[in-house]
Amino acid sequence: MLYKGDTLYLDWLEDGIAELVFDAPGSVNKLDTATVASLGEAIGVLEQQSDLKGLLLRSNKAAFIVGADITEFLSLFLVPEEQLSQWLHFANSVFNRLEDLPVPTIAAVNGYALGGGCECVLATDYRLATPDLRIGLPETKLGIMPGFGGSVRMPRMLGADSALEIIAAGKDVGADQALKIGLVDGVVKAEKLIEGAMAILRQAINGDLDWKAKRQPKLEPLKLSEIEATMSFTIAKGMVAQTAGKHYPAPITAVKTIEAAARFGREEALNLENKSFVPLAHTNEARALVGIFLNDQYVKGKAKKLTKDVETPKQAAVLGAGIMGGGIAYQSAWKGVPVVMKDINDKSLTLGMTEAAKLLNKQLERGKIDGLKLAGVISTIHPTLDYAGFDRVDVVVEAVVENPKVKKAVLAETEQKVRPDTVLASNTSTIPISELANALERPENFCGMHFFNPVHRMPLVEIIRGEKSSDETIAKVVAWASKMGKTPIVVNDCPGFFVNRVLFPYFAGFSQLLRDGADFRKIDKVMEKQFGWPMGPAYLLDVVGIDTAHHAQAVMAAGFPQRMQKDYRDAIDALFDANRFGQKNGLGFWRYKEDSKGKPKKEEDAVVDDLLAEVSQPKRDFSEEEIIARMMIPMVNEVVRCLEEGIIATPAEADMALVYGLGFPPFHGGAFRWLDTLGSAKYLDMAQQYQHLGPLYEVPEGLRNKARHNEPYYPPVEPARPVGDLKTA
C-alpha cells in the first residue's frame, strides 16, 4: 500500500502501474474538502515514485464520484472571498499535479461522475466508461459554476459548443453521448472496465498511443478562430439570457468566463475561473439553490425512512377517469404499477385512456420508448365501468368531481368492493380529509393524496393525514407516490391542506390589489419578471380555472372565515359570473386561441377591463415593491401559520412543497428561505406597513418573536473552518 486515506487509497497493480481507488465510508464517493486534501497527499506519493509508469483511477462504489459534498457548500460559501479563493487555488493545484504526472493516466468511470467527479476525470489523459455512465457539470443549477477546472478543460477537450451546452445548462449526458462528443474514449461492459482501462494504459506506456499529444490541448488556449468564437459565445449568451434570465447569474457568468479564458493557457484560465466562482458562491441565489438541493435530499430521505417497513403497492386503482384520472393512471403504469381505471360512463373512460395514450405517444416521439414498450404500458391500464378487479388492488385513489357529497358516496361504495386492508385515498384539493372519512367504516385506511396538474410534469404529491389515518396507510401511499417518481410530502389535515391553503391568501392579495385600482397586466409582469414566478396570478388563475378558483375560494373562506372571508365582490366573482372560466373555455383575464402547436396563446381582451371596472376603484399605479409586498405577505404569513399549527412539519418541507407544487421561484429557495434572506425583522417592518389591509396582513406571533431576536427559520450555518487550517500546499 503506497497511501491510505479515509476516502481513497493508492497501491501498486503491476509492472510500474499504480491504482488510485476512491472508497469513502458509506454508499457513495464525494469530492469533499478532506478528499481533495487526501488526493493531494496521494499525488505527492506518486510524484516520489521513480519507477511509476502509469496510473489508473477507479472507484470501489457503484458510482465513480457523485460530485462535491453539497452539505459543505453553505458553510464554504460563508468563508471570506479571499480564503475561498485560496482554497480553490489549492484544489486546482491538486488536479493540475494529477494532470502533470510524467506518465499516462486513465480513469475507469462507472455510474455517476458529476460536478467535481467529472472535473477529476477531465484531469486524466483517458477515460473509459460503463454503459450506465452519467457525466456532466451540474453546478449552474446550484447557482455556481465549475470550480475545479471544468470550465477550462472541457471546452479544450470537446470544443466550445459541446462544452457550453453542458456547462451553461448544468447538464449531464449518458455513455453514448459522452463517447460521441469525446468526453470519454470508450464504453465497455462493467465486468470489462478495469481490463479495458489497463489495455489502454499499456498501449500508452508502450508508445502505441500518444498520451502527451492527448494531454497538450488542455494546457493551451482554446483553438477557435475569431469568427468561430464570436458565433459560439454570442449564441450561447443569447440562449442563456432566454432560458435562465436575470435571476440566475451562474449560467451567463460561466459562458462569459469561458469566453474570456479562451485565449489563455491553463494557469491563467484557471485564475479566471476562480475569480468568477468566488463571487457566485456568495450570492443569495447560490445559497437558495443549494438549499433546495439539500431540502430535496431531506424530503426524499424522510419518505424513504417512512416506507422502509411497508411493501410498495403492486396493483392500484383510480376512481374517475378524465384528464386527471388518466394522468394518474399513466404515471402509475409508466412506473410499473398496473392500474384499474373506473368511471361511470364510457365517454370519461375514453378521455382517460386517450390522455394516457397521448402521454405515451409523446415518449415514443422523443425516442424514450419503442412501440413494444408503449403497448406494454398501455396494456397495464384497465378501463372499467364496474368494480371488476378491485378485490385485488392494494391502493385506490379517488379523483371524481370536487364535491363532498359525491366523493363520500363514491368512497363509501368503493370501500365495500375492496379488501379490508386496501388503502383508499382522495385526490381532493381543498375538502378536509377527516370530513370525507366520516363516510367510511375503516377511516384508518383512508388519507388524502393531492396530485397537481399536469400529473406527469408536477413533482409534488401532498399526502394528507386525516384524524384517523394510520401510520401504515400513510406509509403505503407515500411508497406508491415515490414509486410513481413523485416527491411525497406528508401534511396534516385542514381546508386546502398546505399548498392550496397558502395559495389562496396570495390570490386574495391579488384581488385586493385589483379592487384598489391596480392593473392585472402589471401585477402579472411584476410577479413574473421581478419576483420570478413562472406565471403571474391572473395567468395562473386562467390556467387553474376561474370556476375552480371560485369554488375553492368559497371552501377556504368557510374554513378560515376570520382571514379568508371577503366582504366585497372581487375580480374572480366578476369573471365567474360572466362565464369566463380561463383557458378551459378560452376566456378569462385573457382571451385564448390555439397556436400552431395546439397550445393556448393569450391575447388582450378589452371586455375584461369593463368587467373589472365594476368591482374596482379607478385605475392607479402601484410601485413594483408594493405589488410584491401585497402579493407575498398574505402567502408568507399563512405559510408561517401552517408551520406553527403543525400542518407542515419543517421549513424544508414547506419550501419544497411551494417550489414543486406552485413553482415558487427556485432562486428564492421557498418562502422560509426568502424570509431568512430578507431577515425576519425587515419582513416585519415591511408587513406592518400593510396591516391596515386586514387579517391576511397580520403577522403571526411566532414570526414576530423571530423578528424581535432577528432569528432565522433555518438553523444558522457556521462558516467552514478557516481554509488555512486545511492542507493548502
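Here the Cβ of each residue, glycine as well, is placed from N, Cα and C on the backbone.
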NAD(+) site partner of M324, D343, V400, V401, E402, K407, S429 (as recorded in Swiss-Prot), chosen from N295, N361, N453: N453
Sparsest-packed of the listed binding-site residues (M324, V400, V401) - C-beta count within 10 angstroms: V401
For E139 (site 'Important for catalytic activity'): intrachain residues, at least 6 apart, with Cβ closer than 8 Å: G115, M145, P146, G147, G150, I167, G170, A250, A254
Packing count at N453 (NAD(+) binding site) (other Cβ atoms within 10 Å of its Cβ): 15
Number of other Cβ atoms within 10 Å of the Cβ of H450 (active site, for 3-hydroxyacyl-CoA dehydrogenase activity) across all protein chains: 25
For D343 (NAD(+) binding site): intrachain residues, at least 6 apart, with Cβ closer than 8 Å: L319, G320, A321, G322, G325, L349, G352, P383, L385
Most crowded position, judged by CB atoms within 10 A, among E119, K407, S429 as recorded positions: E119
For D296 (substrate binding site), the number of other Cβ atoms found within 10 Å of its own Cβ: 17
Annotated substrate contacts D296, N500, Y660, maximal Cα-Cα distance (Å, integer): 20
Spatial separation of N453 (NAD(+) binding site) from Y660 (substrate binding site) - C-alpha basis, Å: 12
